[in-house]
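Under the heading transmembrane segment, TrEMBL lists 28-52. Residues or ranges marked as domain 'C2' by TrEMBL: 137-263, 272-403.
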Amino acid sequence: EERDMIKKRSVMLNLHSLQTPFSSTWKYGILALAILLLLVALTILTCQICRLQKRNKTRKRKRCHSRDLVTIKAANGIWEKKMPSLLHDITKQSNANLQASTLMLGPSQEPSSFSETPQGQADLSSMSSDLGLLPCSHGTLKFSLLYCRERCELLLTGLEAWGLPRSGCAESTIRVRLLRQVPSHIPGLQCMVQEWQSQVVKNCNRPAFGDHFVFPLQDAVVEKSTLKLEVQRFDKYSRNTVLGEVRVTLSELKASQSLVLCKELQKTTKDVVGEVLVSLKCLPISQRIEVGLLKAKTTSPGSTAEKSVYARIDVFCRRHREKHQKSRPRAHTPLIIFNEAFLFHMPESAAQDCTVLVSMYEVDSDSRHLIGQATLGKRRANEAADHWDLMIKSIQQPVAKWHPLLI
């Protein structure tokens, strides 16, 4: 029996010695195969990522190229079916015997002074490439204007910009405002007739906006009207950044004759669209300021019977923004009477670094838009600073003064 047990143990040891190298070989083989498959998968993933990046680059180039062709097609009259009646007639006339006028203004020239240079139908791309920019320039904007006296309409088309400051993946847009002078005791008072926003162009060094705008404009009002175009960096999470503006006085526009303009962007300026009567009262014991909204005078081009107006008051003290307050809505009349007072916290130490912002909004059935804003504070303009000094000197006594509404 002992011999049988010894034989069985020897047989088991032999079998174990035979199985051990065989199983370890399989284990290492499976591990090597798994590593090989992992490397193949990583290689395939890297190739797919590279292809996706190339496709995105080609798509961006095609978009920029197609947007560059938009203005050329619109100028050459290719969009006959998609154009409105005014634009369709213009293109037919331009294809026959329409002469375009090209205007170039430097930064030293005023926007109201025109120097027309008659030219034939020139290629827009070659003409714009010959334009040079000054080192301090904010960019250049090109567009075309046409006033049709028969339809009493002003056409704006061919919007294109280049030389804009680069800031990563920027999105550009243009805000167009048509302003009209209003006779008043307020110097430079204007009325905003119409406002438009162009489409947003993404990731393009030379954005071409395919929009065309038609403004109803009577012949008698053309001489008093001004067209303001603001080039902006679009930001869907905050306010747009204004890069510069271009202003064109329409007094020298000739009827039924297209005018192509190339202008450098100038520093943006505000326009006076009304005035507001505000009273300020300093309460140092309770560390508060009382802002009284008394009256407002605004201008409006059309009927405002169904529209209402309200004011929003914001106070900033040492870069800290207090919670804003709103007035009750009032009917939009030439003279709006509010007679409301608002209290805000203002520490005595922050009185010299405090700013009050009064914003007027017009509201209709489905939207609202900004009429104008007035800013008061120690570090503001002369009139606003004088009003603030009077408030500091007249403790617990209201001091009222008119301030212009700017937009």
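Glycine residues also receive a Cβ, built from the backbone N, Cα and C atoms like all the rest.
TrEMBL: automatically predicted annotations, no manual curation.
As a whole-number mean, the pLDDT of the domain 'C2' (137-263) in this prediction is 88. Across the domain 'C2' (137-263), DSSP helix (H, G, I), strand (E, B) and coil residues number 9 helix, 71 strand, 47 coil. Helix, strand and coil counts from DSSP across the domain 'C2' (272-403) read 18 helix, 76 strand, 38 coil.
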